[in-house]
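K.L.:
Got a structure here, written out as structure tokens. Questions coming.
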Amino acid sequence: MTGAAEATAPHGPGTGDAPPVLALAGVSKSFGAVRALRDVSLELHAGEAHALAGENGAGKSTLVKTLSGVHRPDSGQVLMDGRPVEFHKPADAQRHGVAVIYQEPTMFPDLSVVENIFIGRQPRASLGRIDRAAMHARAAELFTRLGVALDPEQPARGLSIADQQLVEIAKALSRDARVLIMDEPTAALSGNEVARLFTVVRALREQGCAVLFISHRLDEIFELCQRVTTLRDGAWIASEPVAGLTHEALIRRMVGRDLDALYPKLDAATGEVALKVDRLTREGVFTDVSFEVRRGEIVALAGLVGAGRSEVARAVFGVDRWDAGWVEVNGRRLPPASPTAAMSAGVALVPEDRRQQGLVMDQSIERNIGLTGLKGLRRGPVISRAAERDRARDWAIRLQLKFNRLSDAVNVLSGGNQQKVVLAKWLSTRPQVLIIDEPTRGIDVGTKAEVHRVLSELASDGMAVLMISSDLPEVLGMADRVLVMHEGRLVAEIPRAEATEESVMTAAAGRTS
Amino acid sequence: MARDMARDMAPDVTTANSARAPLSRFLRWDVLVGVLLVLVFAGGAAGSPEFANAGNLSFALGDLGEIALIALAMTLLVVAAEVDLSVASVLGLSSALVGHLWDAGWAIETIIPLVVVVGAACGLVNGLLVTRLGLPSLAVTIGTLALYRGLAQVVLGDRAIAEFPQSYVNLTVNDVPGTPIPYPVALFAVLAVITAVALHATGFGRALFAIGAQVEAAHFAGIRVKRIKLVLFVISGLVAAFAGVVYTLRYGSARADNGSGLELAVIAAVLLGGVDFDGGKGTLGGVIAGVLLIGLLRNLLMLNDVSTEIQSVVTGLLLVISVITPRLVAVARQRRRVPSPVMPTPPTT
């Protein structure tokens, strides 16, 4: 997994006989008083997968936007094949063969895969008609090049995010892209989807494309990339071969200091059963799911995306209804479909999608944190603003939230800090059972360790924690027990001592070991 | 800890726009409407001698009573990202029922509560269609707008019923002793204070804003979204029916077509007051300014013998302007957005 077997890149640093396909030379970019990039240089060579590492706010997004023509550098140059170029708009970058694949592509849902690929550039036959045969032939050729099997006639609606990314890649290739920038492509993918994406990236590399790969998952960088450039606070820190680098060394470059263990799991005494789920069924979604979580325990719910993990969490919390079975908290059964009842029984759910489900993005930090405890903030009939602020401030301090003012809207915060607000919002209800869905998706390494430490402390204080995660190292690093779901059923329960990447993935793929 | 903060200070420039310049605090929409209100008042006083005297203002306020009352309930709905277009029809149905039952010899003391209950039932129907079937309220209440107005015509046909008991009529036209404030406006003032507190200072209000801004997050936070919306529609129907009683007594005439088109004036006042039609934003102060502004403009137009057609044109224009302007402002802001740094300040304890 961590092997850097492909470390001998065709063009390592310093060996370049050909100039880099795309390069930044001494680029700086400021927004108002914020210096987002300071004298940053980067070289992308044909045939290499180059990782861009750095915490949230290190300047990765600004760098990507500079390379793709969204931003223009204040100083410094963008070079293609050694010659300076100026991208005034994204279309300029596209014309030069630079394509960006985003984490969640935007497609036209009612058009087919092939129509999405050639949107606006359909091959023409006589009288300006769209030459569908040529379009299909070219799409088939692209999919063969990528080594993937996608039905070109399928409507984009209903494609998984992983498939949508492949369509985007095909679209980029159809424009003869030579540089692919992939901005956190794996954040929403399951294990075998990631593996398939990597196969595609390797194929592209062999065909001479340069790939700039951004991911918060360090394992992926070590698995896929030959070189890595690290940014910190907008400044260039290092560009170096991945081979010979350790995880710890890379983390040190990113955060500028040694990180406490990324998975600070404490051993906690387990108490009585806090959450008991018995033969819970929601037709067509999940079937006969039974498990228990004890006080002091962190239980991970692993599985592929779409296995029904989040759906079980939603049903337990009452956001969705269930068709059969029951849920018991501290020995008392919950009524179905009532988040209010679940909350008063001591259950909290930190949902998967913090922008839609976790937070009211336009509202302030204090209002978001207060939303789960409006009754407790009442003085007579009205809400006490002082109490609201105190509650928010208490939790902001405890979770080391970085903020300007508590009255600022949460949408100005970084992803990691937004996640802390969601945590604060739920921990302030003093739950006994915490269900947390993808606790660290899309947040930087430093904040990730902090979230893990918080979870670990909560468990050792006697909270029962059910953690859904697609991040295997996180599952293995944090969980006392791992439950694995496959196609709506619970298929395995693996104690901490026996949980390995192999055992979890085998169960998640539905194979019996 | 300070070092941690400095490390993670986020120059995520696309979103860092938190530090609001002091000037833009005054550029809030509801404040602007307040200023506009003062300007219209001053302009009216300068241009027309009949405008700024107690008699006319009292009349202008009284003429505004129904719109103002309904606007309170409408504000709650629009903040929660719903709307009720059937309010004027409920007012008409209420008026028709008052006339029909009075004509049939019922006591006015029985008629009023009964009619208000019917209004609440109309609101309940709207609310159930929206919350149980998940239909958009715009579509549902366009349907019931026609339905309730049709029922009003079934009840009263082309008849016009008059001669209601003078003591009740007086309550709707007389001023509170010693003031130029008609009773319905005094009632509005009391209800406005209650609504303002409910919207801006209670858990109920917090829930409304959360529902309007991000309904899924509200649901995930244990807020009973459907129940709250149902209650809002019931309140809206109830208030509209009560406004129908006031309207009928004030004009001394019950007709099935009373208050036709009033819903547009109400919605214009609410949007003019700065409530976002997409929900989640707005202040009751702004709505009150919006209501008064519409009232003054209508009064000025009437004093200057402008036809009702033109008055309706003005209402329509105000509605369009109040929907368009915030969008234009938002677009303009986005264009010249210069992000300011998110400076981490250690929280003080």
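Heads up, the Cβ atoms here are built off N, Cα and C, so glycines get one too.
Predicted, not measured: the structure shown is a model, and the values here were computed from it.
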K.L.:
According to TrEMBL, which stretch among B:142-162, B:310-330 corresponds to the feature transmembrane segment?
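P.N.:
Result: B:310-330 is the stretch TrEMBL calls transmembrane segment.
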K.L.:
Between the stretches B:26-47, B:67-94, B:230-249, B:261-277, B:310-330, which one has more Cβ pairs under 8 Å with the transmembrane segment (B:106-129) than any other?
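P.N.:
The stretch with the most close Cβ contacts to the transmembrane segment (B:106-129) is B:230-249.
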K.L.:
Cβ under 8 Å, sequence separation of at least 6 from the ends of the transmembrane segment (B:230-249): give me the contacting residues as numbers and ranges.
P.N.:
65-66, 69-70, 72-74, 76-77, 80, 82, 84, 86-88, 90-95, 98-99, 112, 115-116, 118-124, 126-128, 130-131, 137, 164, 168-169, 171-172, 184, 208, 258-259
K.L.:
What stretch in B:67-94, B:185-209, B:261-277, B:284-304 has the biggest tally of Cβ pairs under 8 Å against the transmembrane segment (B:310-330)?
P.N.:
B:261-277
K.L.:
Which bits of the chain, at least 6 residues beyond where the transmembrane segment (B:261-277) starts or stops, bring a Cβ under 8 A of a Cβ in it?
P.N.:
28-30, 33, 66-68, 70-71, 74-75, 78-79, 83-89, 91, 145, 212, 283, 285-291, 293-294, 298, 312, 315-316, 318-319, 321-323, 326
